[in-house]
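Accompanying notes for the structure given below.
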Amino acid sequence: MSSTSRRADGPGAVSMSLDALLHASRALAPEARLVGPPGSGRTGVHGVTLDSGDVEPGDLFAGLPGKLRHGADHAGEAAAAGAVALLSDRSVSCLPTLVVDHPRRVLGFLAARLYGDPSRALSVYGVTGTNGKTSTAHLLAAGLEAAGHRIGLAGSLETRVPDRSCRPAVRTTAEAPAVQRLLARTRQAGGTDAVLEVSSHALALSRVDGTRFRVAVFTNLSPDHLDLHGDLEQYYAAKASLFTPDRCAHAVVNVGDPHGRRLAAETRCPLTTFTSGPEPADWSAADIHADVDGTRFRLRGAGVDREVRLLLLGPHQADNVVAAAAALAAGGADVAAALRGMEQLASVPGRLERVDVGQPFLAFVDFAHNTGGQHRLLPFLRSLTRGRVIVVLGATGERDPEKRAALGDTAARDADLLIVTDESAHSEDPAELRTAVADGARRSGQAEVHVEPDRRDAFSLAVSAARPGDVLVVAGRGADQRQTSTRGSRPFDDRIALRAALLQHAAPRPSAERPPRQAVLDTSAPPTRDDDDPRPTVEDPA
């Protein structure tokens, strides 16, 4: 059992009998049945979890099919910790079981019922898309707080509720019970709004089922996560499933993106459109200027016509701000006050985050982990320098094998020097990941390409190679703080590691300015097996 109670900060769970939960399940899964001793239906349930190590007395334990084992295999542990029933696609002898063919399809709705349908008491903003989710969510949060709202926030960087400290996120969108607990805690803390990043995994795996969105935002779509979805059409379908009248009250869609134009034509929700391009839209960003000091542009829409001056870097931030402004207008917030809050947001961790120890060149860490993100990032970095663009890049294992060569190819087209290194191999051979990225890069024939397996050494080589006026970026992991491999998981924060490399190799010294150094790049080092992305639990097949 957890050492800290999930109920200690009052999520306000509602007690329901198993019979009541069975009745609720049958609205979605007519085949649902209760298997257990006579009288089991009168058993009271007070909470729900799918983590057997997180069970508290009175919980419903969701034992779901997993990649390696079945969650129901942990029913005995859950019962010992105080679980009173199991939700699964198979019954067990140690607990009364709600048996449903596809338990994920009812889990979110049951969690919402058990926590008092908290999304009905809040204005919930959901942000989905391949790129821009995190920045848009943080802009929404900054805007809402500046407009006097009390908010909850959950995404790839953090989870927080009003007046509570932040907790690092485990995944972009938490499992359904955790989503409902966050919303319930936000409501109980006097919150008025919640902002959720909504991943395609979350939509495909029913993690936001039971959540009613006041506004849902679509940022863009480009190939990603095809290991889960199979092809781009299914990836689009997962994203589009958020924009249905039973899920959201208002859709805010980027018609500057071709998939956004399709979604705008297909959704049956009330619609607001936005763009940073020439397309007709309800909200638009124009005259975009971005440099190393920030981003400015003209924002127009719904009675707003003003210049916006951001501290955030990159022309793509104009897309994120116009998305947030359109969403806040649709949600009834004070857009003028919200924009002032957005203009004061200094940075979003790991999103084009500058690392500066006084070195004579620019250095950044960014989350650009797919070709769409690279297309947004690298041309902007090119615009900042008359020198060279140096990119450090790797590929994550067990994710989209087809995109690895494309990552290398895209980076090499906009970089002068590309250093391929290990990122997150998971159970794969990191040498094969490096080879795929490097081969794609070399096919473009446009950048000098080197391979350095050790990530810290790759940072040192990139820093040593940088000359005054160059731009260096470590792309792909952003603010992720762990590397995982078959040897286990270790702490690794690119921002900390890059700062250390800069201090060692490029920080100003009291003596006369040293001449710029060329790196000696040794590609013969033996491979390591490091990785970063937390693996799914047994109960989580994502």
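A Cβ is built for glycine as well, from the same backbone N, Cα and C atoms used for every other residue.
Remote same-chain partners of the region 'Disordered' (32-51), defined as residues 6 or more beyond its termini with a Cβ less than 8 Å from a stretch Cβ, comprise 6-7, 11, 13, 15-19, 21-22, 25-26, 57-64, 71, 84-85, 87, 91, 95-100, 106-107, 110-111, 114, 175, 177, 537, 539-540. As annotated by TrEMBL, region 'Disordered' applies to 32-51 (among others).
Per TrEMBL, domain 'Mur ligase N-terminal catalytic' is recorded for 45-92.
Annotation source TrEMBL lists domain 'Mur ligase central' at 127-327.
Among the features that TrEMBL reports, ATP binding site is placed at Gly129, Thr130, Asn131, Gly132, Lys133, Thr134, Ser135. Sequence-distant contacts of Ser135 (ATP binding site), defined by Cβ-Cβ distance under 8 angstroms and a gap of at least six in the same chain, are Leu312, Gln317, Asn320, Val348, Arg351.
For Lys239 (N6-carboxylysine), the number of other Cβ atoms no farther than 10 Å from its own Cβ, over all displayed protein chains, is 25. As annotated by TrEMBL, N6-carboxylysine applies to Lys239.
Under the heading domain 'Mur ligase C-terminal', TrEMBL lists 350-478.
Residues or ranges marked as region 'Disordered' in TrEMBL: 504-542 (among others).
The compositional bias 'Basic and acidic residues' annotation in TrEMBL covers 528-542.
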Please work out the number of neighbouring Cβ atoms within 10 Å of the Cβ of Gly132 (ATP binding site), leaving out its own Cβ. 25
For Lys239 (N6-carboxylysine), which of these binding-site residues sit within 10 Å, Cα to Cα: Gly129, Thr130, Asn131, Gly132, Lys133, Thr134? Gly129, Thr130
Going by DSSP, is Lys133 (ATP binding site) sitting in a helix, a strand, or coil? helix
Where does Lys239 (N6-carboxylysine) sit by DSSP, helix, strand or coil? helix
Same chain, |i - j| six or more, Cβ under 8 Å of Thr134 (ATP binding site); the result in sequence order is Gly155, Ser156, Leu157, Glu197, Val348, Arg351, Phe367
Looking only at Thr130, Asn131, the binding-site residues on record, which one has the least crowded Cβ, with the fewest other Cβ atoms within 10 Å? Thr130
